[in-house]
Amino acid sequence: MTICSPKKSPMGVSYSLPRSISSILLSIGGLAVFLLFGSCVLVSHPIGSAVQAYFLSVDPFGKPALFRQSNARIDGHGEVVVIQTSAMSNGRNPLLSSVNVTNDSLGPNLGANDGNFEDASAYITSINPNNTKAVNGGSCDLYHGKWFYDPVGPLYTNNSCPIITQMQNCQGNGRPDKKYEYYRWKPSQCDLPRFDGRKFLELMRGKTLTFVGDSVARNQMESLLCILWQVEAPKNRGNRRMQRWYFRSTDTYIARIWSSWLVHKTTDAFGFAPEGVDKLYLDLPDKTFFDLLPKFDVVVLSSGHWFAKRSVYIHKGEIVGGQLWWPDKSRPMVVDNVKAFGISVETILTAISTHPNYKGLTLVRSYSPDHYEGGAWNTGGSCTGKTQPAEDSEVAENGFTAAMHERQVAGYKAAVRANNGSRIVLMDVTGAFGYRHDGHPGPYRSLDPNKKTQRGPHGEPPPQDCLHWCMPGPVDTWNELLLETVWREFEGGGGGRTV
């Protein structure tokens, strides 16, 4: 079979080649040109750095990371917010970071406004790398900063997560506003990246993270699961003793164990305290979870709010106080509920840090502030009508929250000082979340179509929850802080915060 028809040169000599060979030579020539061009590029941008930046969104030379998409907007504080879609986020969850740029560099038409964002892409001429300090250095204080509006929105929705407790499903329960879902936390000295589910699972490969504590611990665990659910749907491996979810891709478990006070509790009669009343042994850890500690790699503790409930306090074999219980007024009460909380924190952290078989990381999430403004939960306190974070002048002082936080920090410090080298870290969220009176369910606690959501004719507030957090909502920031803290300890050479 004839492959091609030869042609003659003017000298009558056949010089043509088969078409297939011509195609090969043409391809080789094109490849040579490509390699020559690529070599020039690689001289100034080594491929190792480029690949690392692309997949990890981190440039080891301190240059801006590579992203698939980028645009910039200016927020209400005159600060440019560069919204970037990470190459690692599979197109679902964009990564947002803030960059300080003076208004002078943006042109005359851009400046601070009322919190809305104006497209500033065309005006950015330069970015000072000194203003883009990354959190991963480990030296940045994560807990002093401000809330800013992020138009990218939440990491999930109430429709994309199947495990939200109904009382925290604010949108599903009819809450009409959504702006509270769009605020993110910005530390003063650095940027806190949006939660990267794949990064978290890889960081926790082969490990178990367990939340231990009250219903606020459940709130945070469900938030974490909802975020991770956007990456991988876990399998339920729980039992009566603990909730437990398994992520097969990285052999990771997320678990939760209920422990109202974190210390030993019984209802048995003791001294002049009758049977049936909760007795708290403030100097003994709760065995419900304490014996399981060696199975965990990261433990997140949450407690405090149950100390407002009726209980008897026992310390060193004696009844020393109580809450909503003290029948013999002739006896002096040595320990009130605030002091009892501080003692319990020191007890559990000391016990954990001296456990012979537990070598994991312990995170103490500080006292979660409630926002029952104008009264307590049962005396007319309310968070109804709050739609965005409070300004400094709007933050309501809460003496009980301040006292509980102070005692908790004191108990934490005492435990850490007595046990140097322990991997115990305080996630001090209380101050930052004092501004988030908008993030609670309020009256939107159920699907009941007849629920009261407005004040009554005499100004009385409807029944509401101003303690737990809407999902999605501010509680998701706890898990962004969690991811950053775990990263520092596992990859950044942490070792626990010393006091």
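Residue 1 is the first one shown; counting continues down the chain.
Cβ coordinates are placed from backbone N, Cα and C, and glycine is handled just like the others.
Annotated transmembrane segment per TrEMBL: 21-44, in sequence order.
The domain 'Trichome birefringence-like N-terminal' feature in TrEMBL is assigned to 139-191.
What TrEMBL records for 192-484 is domain 'Trichome birefringence-like C-terminal'.
Per TrEMBL, the feature region 'Disordered' maps to 439-465. Residues 166-168, 170, 172-175, 180, 370-371, 374, 380-384, 386, 433, 473-475 of the same chain sit 6 or more residues outside the region 'Disordered' (439-465) yet have a Cβ under 8 Å from a Cβ within it.
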Taking DSSP helix as H, G and I and strand as E and B, the domain 'Trichome birefringence-like N-terminal' (139-191) has 7 helix, 11 strand, 35 coil
Sort the residues of the region 'Disordered' (439-465) into helix, strand and coil with DSSP and give the three counts.
0 helix, 2 strand, 25 coil
